[in-house]
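Participant: Swiss-Prot lists these features:
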- 33-53: transmembrane segment (TRANSMEM)
- 77-98: transmembrane segment (TRANSMEM)
- His83, His182: heme b b562 binding site (BINDING)
- His97, His196: heme b b566 binding site (BINDING)
- 113-133: transmembrane segment (TRANSMEM)
- 178-198: transmembrane segment (TRANSMEM)
- His201: ubiquinone binding site (BINDING)
- 226-246: transmembrane segment (TRANSMEM)
- 288-308: transmembrane segment (TRANSMEM)
- 320-340: transmembrane segment (TRANSMEM)
- 347-367: transmembrane segment (TRANSMEM)
Amino acid sequence: MTNLRKTHPLMKIINDAFIDLPTPSNISAWWNFGSLLGVCLVIQILTGLFLAMHYTSDTLTAFSSVAHICRDVNYGWLIRNLHANGASIFFICLFLHVGRGIYYGSYLFKETWNIGVILLLTVMATAFVGYVLPWGQMSFWGATVITNLLSAIPYIGTTLVEWIWGGFSVDKATLTRFFAFHFILPFIVTAMVIVHLLFLHETGSNNPSGLNPDADKIPFHPYYTIKDALGLLLMILLLLLLAMFSPDMLGDPDNFSPANPLNTPPHIKPEWYFLFAYAILRSIPNKLGGVLALLMSILILLVIPFLHTSKQRSLMFRPISQTLFWLLTADLFTLTWIGGQPVEQPFIIIGQVASILYFLIIIALMPLAGLLENYMLKPKW
């Protein structure tokens, strides 16, 4: 009799995705982040669900309800800290996952890559509306500043902003709808993750060499289930260390004060994982230009597959492109640092140079390096 795992309609899907999946034998730990992101999503949905049971989305009680969760609900402090820091771990894994995709040429699976970029945007939107919910000072002013960017859209901008706000300022209507969005978006993300996996399993995984791995594949279970379990253990350890010992390390001190529309914080800035995009936004002294640059900083990922000029898929054997990749990584760290600094010299000029370099590396330097490496591969005799 055939194994039920291979015949049952539902079990068969799980089996083909996580058990008998033919996987390249040489994929490194950089391929762990997909499963880690899946676990992050589950953690965020579960902790979020328990927080939603006690949270009230009203301007008068939102801040107090979060304090109530931390003080009076059994393990409420832990659930909240896991949720807040889980978001940071989520974004660390996301950035590493995207970085891996760029380094090893995984973007050449265009459908998988495109749905991945849309996923990244959706997760960023989810995190943004979620940050508004505790209704602290930075929550309120962050929401005000970022939603206000839409007013840069010609003709319809102001109307659009007031439509999103549900009034003439960020108020009760805004908070209520942001809570509704924050609740529904993770489930939309989950559906998109399934589509992401569906497209990935059409082609199979890429591998560090960038060569066709069909000749040498091994079953996902037990080889990669155990390998993913190690990564999972390390991620959970990092999350628990953060949540237990320094839960407020990545947050903003201004968010300990309830939202006050009459008092603007000295430095309005988003959570650390948006700072690179925020720095790009601020580096352009024109509102509409800044908004377009902000959008392009993420949407540029969609054009990367069309800018691939090399005969090799991966950067594994391409030292010039490797150098540019790590320069881009350093540039993103610089932008993240600048995004958290006040708007004054020398930070303004550093931010502008870093922003130009970001787009220059992706649009011009990497494709040129690919062509140069192709030329260097040609026999010269």
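We number each residue from 1, going along the chain as drawn.
Glycine residues also receive a Cβ, built from the backbone N, Cα and C atoms like all the rest.
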Participant: Would you confirm whether the transmembrane segment (226-246) and the transmembrane segment (77-98) meet the contact rule of 3 or more C-beta pairs below 8 angstroms, pairs 6 or more apart in sequence?
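Facilitator: They are in contact.
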Participant: What is the number of other Cβ atoms found within 10 Å of the Cβ of His182 (heme b b562 binding site)?
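Facilitator: There are 22 such Cβ atoms around His182 (heme b b562 binding site).
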Participant: May I ask which residues of the same chain, at least 6 positions away in sequence, place their Cβ under 8 angstroms from the Cβ of His83 (heme b b562 binding site)?
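Facilitator: Set apart from His83 (heme b b562 binding site) by at least 6 residues yet with Cβ under 8 Å, we have Gln44, Thr47, Gly48, Leu51.
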Participant: Counting CB pairs under 8 Å, which listed stretch among 33-53, 113-133, 288-308, 347-367 touches the transmembrane segment (178-198) the most?
Facilitator: 113-133
Participant: Around His201 (ubiquinone binding site), how many other C-beta atoms are within 10 angstroms of its C-beta?
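Facilitator: Its Cβ shell of radius 10 Å holds 14 other Cβ atoms.
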Participant: Can you work out whether the transmembrane segment (347-367) touches the transmembrane segment (113-133), with the criterion being 3+ CB pairs under 8 Å where the paired residues are 6 or more apart along the chain?
Facilitator: no
Participant: Are there residues at least 6 beyond the ends of the transmembrane segment (113-133) whose Cβ is under 8 Å from a Cβ of it, and what are they?
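Facilitator: Here the qualifying positions are 55, 57, 62, 66, 87, 90-91, 94, 98, 101, 106-107, 139-140, 142-143, 146, 170, 174-175, 178-179, 181-182, 185-186, 188-189, 192-193, 195-196, 199, 270-271, 273-274, 298-299, 301-302, 304-305.
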Participant: What's the number of neighbouring CB atoms sitting within 10 A of the CB on His196 (heme b b566 binding site)?
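Facilitator: There are 21 such Cβ atoms around His196 (heme b b566 binding site).
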Participant: Rounded to a whole angstrom, what is the C-alpha distance between His182 (heme b b562 binding site) and His97 (heme b b566 binding site)?
Facilitator: 23
Participant: Residues with Cβ closer than 8 Å to the Cβ of His97 (heme b b566 binding site), same chain and 6+ apart in sequence?
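Facilitator: Result: Phe33, Gly34, Leu37.
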